[in-house]
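Peer 1: What follows is a single structure, and I will ask about it in a moment.
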Amino acid sequence: MVTLRIHSIMPEPEDDIVVTKEAIKQAITALRKRHLVEEAAHAPAFLALARPILSQGSEWKTKAENLELELQQCYKAQARLSEQLVVEVAESRESKTLVQEKEALITDLENELAQSREECSRLNALLAEKTEALELIMTEHNDLKIQLEAATVRADDLEAENKTLIDRWMLQKMQEAEHLNEADATFEDMMNKMKASSIEQLARRQVDGVVRLREEDEYCMESTVPSICKRQISAHDGGCDVIVFEHNSTKLISGGQDRVVNMWDTTTGALVRTFHGCVGSVIDLSITHDNRTIIAASVSNNLVAWDVNSGRARHTLTGHVEKVCAVDVSKVSSHHVVSSAYDRTIKVWDLHTGYCMKTLLFHSNCNALSFSTDGQAIFSGHVDGCLRLWDIQTGKLLSEVAAHSLAVTSLSLSHNGNLILTSGRDNMHNLFDMRSLEICGTFRANGSRVASNWSRSCLSSDDNYIAAGSADGSVLIWSTSNGSVVSTLKKHKGSVVCCTWSGFGKPLATSDKNGSICIWA
């Protein structure tokens with residue numbers, strides 16, 4: 001019950017707010033009333049003070065407007081003067097810069113003038129020296145002119161005497177020539193008798209088959225058409241690009257992508273020797289006719305020559321600036337080597353010294369080379385499809401013939417040197433008579449494709465057959481007499497890139513891009 005009494009005595013919160021608002025309103029009303037009373041009390045004083053101020057306000061306003069107008073004019077004048085000042089300052093700077101440049105130019109001209117004076121003095125001294133030297137030379141010239149006249153007189157006398165001696169010498173040579181003709185006739189009769197005797201003896205001999213007599217009294221073994229693969233050799237890693245037989249031997253030399261040259265015994269298939277020293281893939285090989293030196297052409301822009309007996313490198317022939325793609329050795333002299341590279345050059349080397357003797361330049365790169373049988377000329381097959389003949393002594397181009405519509409890939413010279421076999425990227429193999437530069441046979445087969453720019457075909461030892469590899473792994477044998485394919489050999493799993501025939505007439509060796517060598521018989 002006590003609790004109820006307390007709540008009745010204390011006011012509610014809402015009632016307090018209402019009371020407060022009413023109090024504020026009353027206070028504001030009282031303030032307004034007081035303000036009005038005070039404003040009414042001071043009104044007469046405000047009116048008395050305002051009358052003189054209002055009368056002077058119009059004058060001050062007029063003066064203020066005039067002053068404002070004058071101020072604007074002053075601002076405009078100041079702006080014009082500022083612009084003029086900026087222009088004059090810029091002109092002053094330009095004038096100062098121009099004066100400095102002129103002063104520097106005057107200094108440079110003064111220096112040049114001093115140098116010119118020094119140079120003029122030096123040239124005057126040099127002119128004096130040259131004048132003295134010229135006078136001395138003129139004196140010497142006059143002396144030499146007198147000596148020349150005396151020497152001319154002596155030369156005329158010697159020429160007359162020499163003519164007399166030549167006439168006497170020619171007469172003596174004519175007499176000696178008559179004696180030599182008589183001796184030649186006697187010698188020819190003796191040789192004919194000896195030849196007849198040797199032919200009779202040769203007919204009685206049998207050397208592993210049939211022996212035939214060539215046009216140039218050169219004996220060779222008759223080749224047989226191979227039919228079976230007697231042996232397959234894994235020769236190189238990455239591909240075997242070139243193979244060549246030793247002369248009068250069954251040993252085979254190979255080169256490939258693994259930068260080594262191997263010698264094989266084709267009878268047993270055994271590796272006889274390995275030659276190291278190439279720093280690039282071997283593209284072509286050649287061997288001297290005494291079988292003492294092997295030369296390899298490499299993509300490392302050089303050639304390496306090895307001694308066969310010791311296996312040591314004799315020379316590294318440097319001079320080409322692109323990969324060397326062909327090499328051959330003279331059939332007369334074992335120290336003359338010819339090479340070609342993709343720098344459009346053909347170089348002739350002296351194998352004894354290792355120096356380049358001559359360089360032939362041509363616009364088309366050469367893919368294949370071969371010496372003539374007399375060693376006086378070079379046959380070259382080029383990327384433009386032409387076969388060219390060069391004089392090794394003068395370096396002049398003797399003749400050329402369009403052999404193929406595409407690049408020539410290989411050359412194979414017959415044993416008598418009258419025929420040469422060319423192969424090209426047009427998948428054709430042409431046989432040329434070098435005496436007339438005419439094609440005497442064209443060989444091709446359906447499906448046969450030349451595998452690379454350095455695919456090597458070959459003639460048999462008796463020139464009766466042609467062997468060439470194809471990109472499909474087959475080897476085709478043509479007869480040169482009728483142009484027909486007499487055999488197709490299939491054993492390779494990769495493109496066949498090189499064929500070579502032994503000088504004994506058999507076996508035939510072929511190599512492919514997988515590094516395998518097949519020996520056919």
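Think of each number as a place in line: the chain as shown, counted from 1.
Cβ atoms here come from the backbone N, Cα and C positions, even for glycine.
TrEMBL does not curate its annotations; it predicts them automatically.
Note that the structure is predicted; figures quoted are calculated from it, not measured.
Per TrEMBL, the features are:
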COILED    64-168  coiled coil
DOMAIN    58-181  domain 'Autophagy-related protein 16'
REPEAT    233-274  repeat 'WD'
REPEAT    275-316  repeat 'WD'
REPEAT    317-359  repeat 'WD'
REPEAT    368-400  repeat 'WD'
REPEAT    401-436  repeat 'WD'
REPEAT    459-488  repeat 'WD'
REPEAT    489-521  repeat 'WD'
Peer 1: Which of 317-359, 401-436, 489-521 shares the most C-beta pairs under 8 angstroms with the repeat 'WD' (233-274)?
Peer 2: 489-521
Peer 1: Using a Cβ cut-off of under 8 Å, list the residues of the same chain at least 6 residues beyond the repeat 'WD' (489-521) that approach it.
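Peer 2: Non-local partners: 208-209, 220-224, 226-245, 247-250, 252, 254, 256-258, 264, 266, 269, 451-452, 454-462, 465, 467-477.
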Peer 1: For a three-state summary based on DSSP, what are the helix, strand and coil counts in the repeat 'WD' (368-400)?
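Peer 2: Per DSSP, the residues of the repeat 'WD' (368-400) fall into 0 helix, 20 strand, 13 coil.
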Peer 1: Under DSSP, the repeat 'WD' (317-359) has how many residues in helix, strand and coil?
Peer 2: 0 helix, 25 strand, 18 coil
Peer 1: Quickly jot the same-chain residues contacting the repeat 'WD' (401-436) by Cβ under 8 Å, restricted to those at least six beyond its ends, or write none.
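Peer 2: Result: 214-216, 218, 220, 367-374, 379-387, 389, 442-444, 448-450, 452-459, 461-463, 466, 468, 478, 480.
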Peer 1: Summarise the domain 'Autophagy-related protein 16' (58-181) by DSSP state, stating how many residues are helix, strand and coil.
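Peer 2: Result for the domain 'Autophagy-related protein 16' (58-181), in helix, strand, coil order: 124 helix, 0 strand, 0 coil.
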